[in-house]
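Asks: I am attaching a structure below and will ask some questions about it afterwards.
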Amino acid sequence: MRIGIAGAGAFGSALAVTLARAGREVTLWARDEGAVQTMRDTRRAVRLPDVDLPAGIDPVSELSSLFSCDTILLALPAQVTRGFLEAHAGALSGRTLVACAKGLDLTTLTGQGAIVVESVPDAVPALLTGPSFAADIARGLPTALTLACPDDAAGRALQHDLSTPDLRLYRSTDLAGAELGGALKNVIAIACGACIGAGFGDSARAALMTRGFAEMQRLAAALGARPETLMGLSGFGDLVLTCSSELSRNYRYGLALGRHEDWDAATTVEGAHTARAVADLATKRGLDLPISAVTARMVAGELTPQQALETLINRPLKEE
Ligand SMILES: NC(=O)C1=CN([C@@H]2O[C@H](COP(=O)(O)OP(=O)(O)OC[C@H]3O[C@@H](n4cnc5c(N)ncnc54)[C@H](OP(=O)(O)O)[C@@H]3O)[C@@H](O)[C@H]2O)C=CC1
Ligand SMILES: O=C(CO)COP(=O)(O)O
């Protein structure tokens, strides 16, 4: 069985590496012909420093090679997934499509699993998410993730196809819960980074993580997720990792906001887009999500971290 991966960024490359090390044949697609040629010539990943590509990985720039795979992992930025799937819906018909991005689509306010369902209705939709840095996976460090697939039988097969000796996959049928956990934690990670960057301290960060998790649960429940999914790897697990490690781009972006430092706009920071989407969803559904709301306003340059803190701490006192 050959596994296709769309996107040879950090995550797509890391997944390709762990799968190929476990003996799977992998077609790794990137849009940039030059990058593909470099990978073929050097057998090194272009977006992951010092990572060798095992022989089982075939880097390609022709979409036809990707579309010949029965199972395709979508490791593109969250705002790119829908356009990619809609443009190629015919060629992707009937495939198993595993969304790997973590973010809500800004135009439709939908998660990555729902995008697969809507864009390619006759595909088998699935989602791979949870606490994992690409660099850790590529180094062969132990990692546990959630594989969500509404079709239990297809999910069981996929769990075996995508698990490796270093990558332990837990199964779920709750696509909505898994996609929301991975997307929403990025917003809270930006808030936590800003908190530490501005010097508000570890206690304040713990409060943001806890109250941020309450917001994640509130929004996810309103959108039909199962509460227990948010308690697992895709929700709580990824929240802990992303809010506490400088390996996270979302957290580092927050640190830069807190320190009033410049940030490279080309870096993938999913939480910046998702913060806006969450603010829109909260307005539409009449939900109170104060940490996400101030984070969206910080990202938009409408609030400084100090103003965001004052907004949160001066809210009316309430029961926990
Ligand atoms: N990095 C990580 O540790 C993890 C990342 N993820 C998630 O994976 C997703 C991707 O992240 P990551 O791989 O790190 O991001 P990167 O920034 O490393 O890579 C993004 C990739 O997407 C490609 N790309 C961007 N726009 C397009 C487009 N319009 N059409 C085709 N390809 C495009 C880029 O190609 P080009 O180089 O040509 O611009 C690049 O190869 C994110 O949602 C992230 O949250 C999940 C878990 C861990
Ligand atoms: O999702 C991730 C860890 O699970 C990667 O986080 P960043 O996108 O913030 O780097």
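A Cβ is built for glycine as well, from the same backbone N, Cα and C atoms used for every other residue.
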Asks: Among Lys185, Lys284, which residue does TrEMBL annotate as binding sn-glycerol 3-phosphate together with Lys102, Gly130, Ser132, Asp238, Ser248, Arg249, Asn250?
Replies: Lys185
Asks: Arg31, Lys102, Ala134, Arg249, Val269, Glu270 bind NADPH according to TrEMBL; which of Phe11, Phe67, Phe84 goes with them?
Replies: Phe11
Asks: Please list, in sequence order, every residue of the chain apart from Lys102, Arg249, Asn250 whose Cβ lies within 8 Å of the Cβ centroid of the substrate site.
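Replies: Checked against the 8 Å cutoff, the neighbours are Asn186, Ala189, Thr242, Ser248, Tyr251, Tyr253, Thr268, Val269, Glu270, Gly271.
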Asks: Roughly how many angstrom lie between the C-alpha atoms of Asn250 (substrate binding site) and Ala10 (NAD(+) binding site)?
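Replies: Checking the Cα atoms of Asn250 (substrate binding site) and Ala10 (NAD(+) binding site) gives a distance of 15 Å.
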Asks: Taking every residue in the domain 'Glycerol-3-phosphate dehydrogenase NAD-dependent N-terminal' (3-153), what is their average pLDDT?
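Replies: Computed over the domain 'Glycerol-3-phosphate dehydrogenase NAD-dependent N-terminal' (3-153), the mean pLDDT is 98 on the 0 to 100 scale.
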Asks: Within 10 Å of the Cβ of Ala10 (NAD(+) binding site), how many other Cβ atoms are there?
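Replies: Summing over all protein chains shown, Ala10 (NAD(+) binding site) has 22 other Cβ atoms within 10 Å.
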Asks: According to DSSP, which of helix, strand or coil covers Lys185 (sn-glycerol 3-phosphate binding site)?
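Replies: The residue in question, Lys185 (sn-glycerol 3-phosphate binding site), is helix (DSSP, three-state).
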Asks: Return one of helix, strand or coil for Ser248 (sn-glycerol 3-phosphate binding site), based on DSSP.
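Replies: DSSP assigns Ser248 (sn-glycerol 3-phosphate binding site) to coil.
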